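Peer 1: Provided herewith is a single structure, encoded as structure tokens, for subsequent inquiry.
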Amino acid sequence: MSYSKELAAAKKAASLAARLCQKVQKALLQSDVQSKKDKSPVTVADYGSQALVSFVLQQEIPADFSLVAEEDSKDLRKDGGREIVDRITKLVNESITSDGSYNVTLSTEDVLEAIDSGRSQGGSQGRHWVLDPIDGTKGFLRGDQYAIALALLDGGKVVLGVLACPNLPLTIISAADQRSPNNEVGCLFFAEVGGGTYMQPLDGSSAVKVQVTAVENPEEASFFESYEAAHSMHDLSSLIAQKLGVKAPPVRIDSQAKYGALSRGDGAIYLRFPHKGYREKIWDHAAGCIVVTEAGGVVTDAAGKQLDFSRGKHLDLDTGIIVTNQKLMPLLFNAVRESIKEKAASL
């Protein structure tokens, strides 16, 4: 089964959304520090990205459209939301015009309806697009990493994924240096089931096939984790790293950009252990998961089970998510199990 038409539509939608987000972030970073406390830029970019992706997908693949996405328009429709809705509509229309494929101007109601088309619940039947319009909102506000993450589920399985990472350098990143030497940033990762993973610059020049690292010795492995301690238990990650003998300090970056970086071999391990009570959402992992697995990596929960995207909006997991290459997985899995036991015993 080929999903080439769907993949082309997904790449186009995510790239256009990335351009919209870049425009908002650039204006945000040029504005004075006072407005950094103002969350409205990320709100505008978040909703704008979702509206734009929804619009493009419905134009390109109109049949049986279903989208599971993070946002809805409820807050925007409240009193006082008008100014933000107008800003979002203006941005979306500017993006559509700059692309030139669609001769249409959307009204504010069209934009709100496009946002609300993301209310699907997903599940194991049929096809569902899965979108995080801005994954890593805190990174976005800081001027750091974020991603537009779009995947397609078919019968509950992820069959394609696209990660647009506007601030990710085109060259390898490390703990010491997350900047690009020539300031060349902006990557688009994409994968189709059975077809491998590719990366290209966001400006659309030619794509290259990528592979996870072949590192076998844990001492040579570096690992990624969430930038925000609130998103993942850094103490558990460091215990696991210690058991494995990992020497390099963790590379902490926001968003599913970690999955993209891992798919091209920047690091060897990604650990995510949310605090108790947090349920992972499918849009935080669907695109990243296929990008890594098609590049030869392995993604499981802490019990070694594959992630199940067929059960609606949430992922039901044992403890957390572990990602690495096939050679390191047995060692990593044992270190994870031992560390979880030790941590539980010390409580």
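Cβ from N, Cα, C; glycine included.
Dumping what TrEMBL says about this protein:
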BINDING   Glu70, Asp132, Ile134, Asp135, Asp284  Mg(2+) binding site
Peer 1: Neighbourhood of the Mg(2+) site (Glu70, Asp132, Ile134, Asp135, Asp284): other residues with Cβ within 8 Å of the Cβ centroid, in order?
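Peer 2: Checked against the 8 Å cutoff, the neighbours are Leu131, Pro133, Gly136, Thr137, Ala147, Ala149, Ser255, Gln256, Lys281, Trp283.
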Peer 1: For each of the binding-site residues (Glu70, Asp132, Asp135, Asp284), count the other CB atoms lying within 10 A of its CB, then report the residue with the highest count.
Peer 2: Asp132
Peer 1: For Ile134 (Mg(2+) binding site), what residues in its own chain, 6 or more apart in sequence, show a Cβ-Cβ distance under 8 Å?
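Peer 2: For Ile134 (Mg(2+) binding site), the qualifying residues are Cys21, Val42, Ala45, Asp46, Ser49, Phe140, Tyr146, Ala147, Ile148.
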